[in-house]
Each structure stands twice: as C-alpha cells, then as structure tokens.
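What follows is a short report on a single structure.
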Amino acid sequence: MVNEGAGAPRSRRGSHKVVPSSDQDGTGEVPCPSNGTVEVKHIISAKLQLKKKAEHLKADLMRQFDTQVNEFMDSLIEESASLGSSHVSTVFPLSDKEKSKLRHTRPSQGQSKQFVIRRSLLDELFEVNHIRTIYHMFIALLILFIFSTLVVDFIDEGRLVLEFDLLVYAFGQFPLVVVTWMCMFLSTLVVPYVLLSVWAGVYPTSNHRALWTVLAGSLLLLYQGLCLGFLPTYVVLKNGLPPASCFILILEQVRLIMKAHSFIRENVPRVLSLEPNKANSLAVPQFTQYIYFLFAPTLIYRDKYPRNPCIRWGYVATKFSQVLGCLFYAYYIFVRLCIPQFHSISMQLFDLRAMVLCVFNSILPGVLVLFLAFFAFLHCWLNAFAEMLRFGDRMFYKDWWNSTSFANYYRTWNVVVHDWLYYYVYRDFLWMTQKRFRAAAMLVVFTVSAVVHEYVLAICFGFFYPVMFCLFMCFGMVFNFVLNDRRKGPIWNVIMWTLLFLGQGVLICLYSQEWYAQRFCPIQEVNKVLVLGRFI
C-alpha cells in the first residue's frame, strides 16, 4: 500500500488538511510542503480579485441607484407641478368643454417651464461652514479696502474723507429716474393688458379676425417702440444721466419689454384656440395676476406660481443690506483699483506694453465686479423680491462656477434671462422654421443677446464702443461650439475660468480707457490738433 505521507501527491487546490504519516517527528507536526508559499500567494491574489470585483459591483449599484433616484425625483417634481389640475380631473370628472377650458388655462407638460418650490443654491451652500468662510473672506477684503482708503485719504488730506463722491455722482438726478420709471411701469401695466382684453373680446366673434389681429399687434409694437423704447432712451441722452442712473432706467426698459412680450406670448394662444363665435373670459387672466407677474422675479408668465406660506422679513432686510454692501464694495474697487490706473493712462500716448499690462491689471477688479454683480442682483435682489412676494421658485442661477464648457456657463449664469431667450427666441424660431435650422436659431439667440448688451452699455456710457458685441459674437460663439458639453474634467473648468478672467480684464480695460478718452481727449480737441498739424 502507498503511504499517504508528505511525499504523496496533493490535490489541485492544495488542501491544507494534515494527514497521518510515519514521517512525523516527536512533536506530532507535519513538515511544511515545498509549494506552501505559492499556495499562500494564490489565495491572496484570489482575495484581491474578489475585493476588486466587489468594489466595481458596489460602484455600479450606487450609480444605478443614483440614476433611479434622480429619475424618481424629476418625475415627482413634474407630478407635483401638475398636481392641482390632475387631482381635480380624477376626483371630479369634467366634461369635454371643461377639460378644454382647463387645457387652455395651463401650459402643456414638457413644452414649457415648470415652476416648483426650491431655494437658491447659495442659500443652501452658505449653510456649510467651509463655503461660508469664502463669504467671510470677501467681507474681510472689503474691510481692507475701506481701511486702505481711509489711511491714504488721511495721509493725503490730513483728515478722514467719507464723502462717497463717486456714488453720489453715479446715482445723480435720481428723482428724474423715479418719475421716468413710474411712467414706464404704469404704461406697461395698462397698455398690454387693455390691448389683450379688447382683442380677446372681439376676436372670437368677429368676421374680420385678421384685421383686428393686425390692428392690435400694430398698436402693441407702436407702444413698445415709442413709450418703452424711445422715451427712456431720450430721457437718458437728453439729460445726460450718470452711469448708475442710466443703468436703472435702461435695464428696467429691457425688463418691461421682455415682461410685456411674455404676457402677450403666453395668452394669445389661448384666444386663438377658442371656438369660433364664442367668447371666453378664461382666455384673459385677471388683472391682479398680471400685476403680480410684473413684480415677480421671472420673465416667464404664468397665471399662478408656487408660493411660500409666509414672508421672512429678516431675510428680506438681510438681502437688501447685502445689496447695499455690494454697492460700497464696488465703490472701493473703482476708487482703489481702477481710477488711479486709468486716470494716469489716459494722459499717455498709446503703447502696446502699457496696454497689455493694463489688461492684466484689470483682471482683478473685473472679476470682483463680476462676482459683485452676480451676488448683488441674481442672488440678493431677486431673492429679496421673491421673499416679499412669497415666490417659491428661487432658481435664478445654477452652479455656473462648476461649468466645464461655455455652453453650460451660458445656461447656468443667469437662468431668468436664459429661460426667456430659450422659450421666446430659440424655440419660437425653431417653430417658425419647422425645426430645420438649429444652428441658425442659436445664432439668432447670440445676436439678440449681444445687441441688447451692447445697447445697454452704449446708452449708459454715452459712446458706442462694441467690445462687448465683438466678444459675444466672435469669441463667445466660438467658445460655445469648441468648449461644448462634451468637455469634461477639471482642466476644462480651469480653461473656462481663465478665459472668463481674461475677458473681464479686456472689458474693464477698454471701456475704462474709452471713458477717460471721451472726457480728457474729446473729438473736437483731436480735430483741432489735426488741423494745426496740417498748417505746421
């Protein structure tokens, strides 16, 4: 018989079972087999492979779970947005005529913007101590700006100078601004609503529908061109309003035009869908709904918006105080970083080296102004009005700072304006062209945005210097296609921020130089110098 000792053949898997053997020593132990080290390594490698498989399985499961949760939350939001009408129709059966009325009074799902109750992103992020520390850092920088200004003024003047002459100048002739705004607002409150009401009352029962439509549309365009278009611009140019006062009137002019267009655009289809020879009072919204829309922080009209249950007046006071703080922040930025630099450059002849240095020196104030404009208007100002109106949907912006493409940056920087451009320019253009020219629709959106931006700057600064238009139409358009949504990863976010910083530096540098050139080197003086040069 064969002795099953240490020299016997082992199984394939290298069993660790100890078998009796005549080769045992006095201690009763079996000598270690020669391939024991190989077996241990094999077991360890098998365990590592099993662990890797488990980790991959865990990652796949978490990814699938996250996707399902997102899909569930999206469907839940959509259902909650349409809960009122769907619940009513299921509990209380409606007739075909009532269903038609209900369908005309609300937008179709998936075809228009859905408003839901949600907080602004910065309000959520500021609850995290690490993020709030960044906010504290900006406050500390403001304190240093104030301290440095006071020290320099004390050294130069021998006293503390707290006159804020730049702010007083920028917001000059403010009573005229208020009177002009009241005329603009009251006309927007009355004219579009009256025109829509009269047209909606005549159109369904009239035998000359096309004539009434052309007449009402012509009156609306005439009103927008004269009262909202010409009047504010004339007041600004005629009275030579300073920059901040100009921005208030011109931006309000653009806002009211966009509001009036949205109100007409959302309600005209209701009237057109009415049955012939039958008027319907539901086609025209109530006047109080229109008033609420004019003050609401959105450019998309709805009869009703999701509302919060109460008003937090402490929150409102905090937001308005932050807006005021941003104004003083901008004042110190211009006083300490911009005015000394550009006042000296305006006295020098053009030099390429000085121009390049000026652009890079303008990046810091340009970026700070960008952050202040975003925080003061898109976060503080809009949230303050939303809170006073109990407006529930606070998504005025998204996480644009995480963008890895300019296409995503354009969509997330200012959601309020982006929604208006998307629904009333991009989608309406596709509807008119039967969805055949998407690239042309995008070009139209860029053109409208660039023209409006350049119009605002030209009127407010008092000169036409199309730097913003060129950046929008040239570099902005190119970056929108080159740095598109397929670009992922941290390096693309770095590239986006680098180009954004450089663009802000170019804007601040060129517009500031032209501002000082218009004042210290007017065209009349240049013409005199040229004439004298010819005689010499």
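Residue numbering: from 1, along the chain as shown.
Just so you know, glycine gets a Cβ as well, placed from its N, Cα and C.
Automatic prediction, not curation, is the source of TrEMBL annotations.
Record features, source TrEMBL:
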- 1-34: region 'Disordered' (REGION)
- 134-155: transmembrane segment (TRANSMEM)
- 175-198: transmembrane segment (TRANSMEM)
- 210-231: transmembrane segment (TRANSMEM)
- 282-301: transmembrane segment (TRANSMEM)
- 313-334: transmembrane segment (TRANSMEM)
- 354-382: transmembrane segment (TRANSMEM)
- 437-457: transmembrane segment (TRANSMEM)
- His453: active site (ACT_SITE)
- 463-482: transmembrane segment (TRANSMEM)
- 494-513: transmembrane segment (TRANSMEM)
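Counting only same-chain residues 6+ beyond the ends of the transmembrane segment (354-382), those with a CB under 8 A from a CB of the stretch are 120, 122, 138, 297, 319-320, 322-323, 326-327, 329-330, 333-334, 337-338, 341-342, 345, 348, 394, 396-397, 413-414, 416, 500-502, 504-509, 512-513.
Where the transmembrane segment (175-198) meets the stretches 210-231, 282-301, 494-513, the count of C-beta pairs under 8 angstroms peaks at 210-231. Beyond the ends of the transmembrane segment (210-231), by six or more residues, the same chain brings 180, 183-184, 187-188, 191-192, 195-196, 198-199, 202-203, 253, 256-257, 260, 264 to within a C-beta distance below 8 angstroms of the stretch. The 10 Å shell around the Cβ of the residue listed as 'active site' contains 15 further Cβ atoms across the protein chains shown.
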